[in-house]
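To keep things clear, I will list the structure first and then write my remarks on it.
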Amino acid sequence: MLSIVVLLLLMAEGSSQNYTGNPVICMGHHAVANGTMVKTLTDDQVEVVTAQELVESQNLPELCPSPLRLVDGQTCDIVNGALGSPGCDHLNGAEWDVFIERPSAVDTCYPFDVPDYQSLRSILANNGKFEFIAEEFQWSTVKQNGKSGACKRANINDFFNRLNWLVKSDGNAYPLQNLTKINNGDYARLYIWGVHHPSTDTEQTNLYKNNPGRVTVSTKTSQTSVVPNIGSRPLVRGQSGRISFYWTIVEPGDLIVFNTIGNLIAPRGHYKLNNQKKSTILNTAVPIGSCVSRCHTDKGSLSRTKPFQNISRIAIGDCPKYVKQGSLKLATGMRNIPEKASRGLFGAIAGFIENGWQGLIDGWYGFRHQNAEGTGTAADLKSTQAAIDQINGKLNRLIEKTNEKYHQIEKEFEQVEGRIQDLEKYVEDTKIDLWSYNAEFLVALENQHTIDVADSEMNKLFERVRRQLRENAEDKGNGCFEIFHKCDNNCIESIRNGTYDHDIYRDEAINNRFQIQGVKLTQGYKDIILWISFSISCFLLVALLLAFILWACQNGNIRCQICI
């Protein structure tokens, strides 16, 4: 059996070197055994030679501190950092692009609430820096620097270090306080102040003498007036009283007035606001590492090599857009038509209409030929480069279309009614649905264009060769031409590079074409004549047989008897 196989291989090899038919040249395109399926405008499953995944599905398990500056709040959230709670001293003067709030952050001072918490949190985060400017406040006939056992610093009773707790004087006096601060600077000031709510009337009079107290804070355009809400509450860090913190922004040229007869938690200064800063905040437990990335999510940092991601809808920085799809593939190669097995011992060749060529690795398009000198394959770099020039940069163009700074944070509503929260969620979901649809459509459109461009360049190559050969060759209908004149490898090369001279071979090609067509016609008539001759012979044999039977019956040599 082995000897038979060897013999067949030798015959096939020998045949390629002793080819006696007309030269044949075929146009073809690159193919691979297993391509990649992509979606186009007209088909959900089109196999292409190569494709690139556009949806990022992997992230780093850490946050990258470069090039964006990250500040880790550790046990402090951003509001406690601004108030100056114990344990937040590491945030003094901190500056950030992204403030990292930890889910494990806790309050470490007197129990408090902020009626407009999210707005204050957003202002502080966007400011990008804790730049506190201390000021002198002249409070008369009151005791300052109140402390609490709920707010210990180094095991000593203390308080928020950015605020001043005012209580009655040792002489049991808390006269009306009326203090004005004018903003003569060129930046807006953020003042944070508070109102203490004692748990009992006794506590109220012990601390402030006056019952009820009152705090009013005004600017030229706003006024906030608060009367303490006295009442018993659950103990938190040993305290049933509470503090409500408020904030006021004073623009340049404006002023702020503090008016109180008790219960004021006064500021010790203000925070400088920077309207040009575009910083933000991220709540996550992911640790900060030593990597480099411009995009952060609550799951970790991402690279920006792909235009889309489906890791998290919470994304900060220069990030891929979040989409619902787990995969979107961009075609970066032509339609894939895997090559068929060689047919017969003589390795019949076929062009692009029947299949692609897996051996064509130097280009997308190329030639195969068969002539008296053998067979060969060569890439056509001109058509390949023309297609690549149009297709290259698709990924960059796609990224440019989605390259705007993308900052999407899930809102945290604490004290707004559920209908607003539901509306916000609906808007965010609708935005994501829209982006997901746009992404899928955009990729399908680009894929359709890629395949159309690739097919167009293949057709251009075929037409270029056809115009060169003209009547010197015949289109075989499968992407190949049968050439009607002798065409050695130099001749084949001239067809490939576009220098083929049709006139040189014209007379030879016409003569050979007529001879070949005449042989074909003669062979056709021969078949017809054979069939006619066979039919006449059969007819004559039957006629002779009938004549013999009639003659024999007349002479009595054969008697026919018919019975009914």
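If you go along the chain as it appears here, the first residue is 1 and each next one adds 1.
Placed from the backbone N, Cα and C atoms, the Cβ positions cover glycine too.
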Residue among CYS291, CYS319 that, according to Swiss-Prot, closes a disulfide with CYS295: CYS319
Inter-residue C-alpha distance, CYS487 (disulfide bond) and ASN178 (N-linked glycosylation site) (nearest angstrom): 107
Counting only residues 6+ apart in the same chain, whose Cβ is under 8 Å from the Cβ of CYS88 (disulfide bond)? GLY73, THR75, CYS76, ASN80, GLY81, THR108
Least crowded of the recorded positions CYS291, CYS319, CYS487, CYS491, CYS553, counting other Cβ atoms within 10 Å of each Cβ, is CYS553
Reported mean pLDDT - the topological domain 'Cytoplasmic' (549-564): 66
Among ASN34, ASN178, ASN310, ASN497, the glycosylation sites in question, whose Cβ has the most other Cβ atoms within 10 Å in this structure? ASN310
What kind of secondary structure is CYS151 (disulfide bond) part of, going by DSSP in three states? strand
